[in-house]
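Taking it in order: structure first as structure tokens, then the write-up.
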């Protein structure tokens, strides 16, 4: 997997003379990052951190960024809100278009007393009945949720119905988590199938599945060109199968698509 490297951080710190220790703002969006690490050691003064459109599955290793005011992790593979308690100055958190279904994990943000803006639009939890009421009643410090201002009257109403709404949210959350467990199993099965298929193809190309011994094999010199010509067609079929197969939109499918494209790109580079 790709993680945050010192070289990447220095490259993105041009505006700070490539000095990373005193860095206050950094943009690491669209870097195919799959693991969030090191920043809380290297850039302790960070106030603004852009990490949108990566493949990050978990919020981690940012808890020591005590000065962090704005964290943007939109369009990643995050499934729950966690490990932000140490970000004492956090004012704005953007989690747009992730995979958060564990809505009760927002309770961990109660410690972030300066948090004024939260974006959860495009997450599965926003489909839950009572979603907005639950967030408004849980996080008293919030002023805006999904760009919409929280009026005092809205908060009062949300607090009045809190126990009932909380119960409903827990039920929907449990149903969602069961669905996610099934999706993970399915993704695992699909990955294994692809691996087996690939192995079969490799064995077939190497002739392991042929009953002929090397001595008995006829000279295929003429036919080789034909075989080579068939390969792009084979690849086209594989491509078509991959893109046309109906797949739910999940962190696993997003990662699988990314890896598939990478594989194809590398194969193309090797041909060149």
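Using N, Cα and C of the backbone, Cβ positions are placed for all residues, glycine too.
Positions annotated as compositional bias 'Basic and acidic residues' by TrEMBL: 182-203, 214-244, 253-272. The annotation region 'Disordered' is assigned in TrEMBL to 182-272.
Across the compositional bias 'Basic and acidic residues' (253-272), the DSSP tally of helix, strand and coil residues reads 19 helix, 0 strand, 1 coil. In the compositional bias 'Basic and acidic residues' (182-203), the DSSP tally of helix, strand and coil residues is 22 helix, 0 strand, 0 coil.
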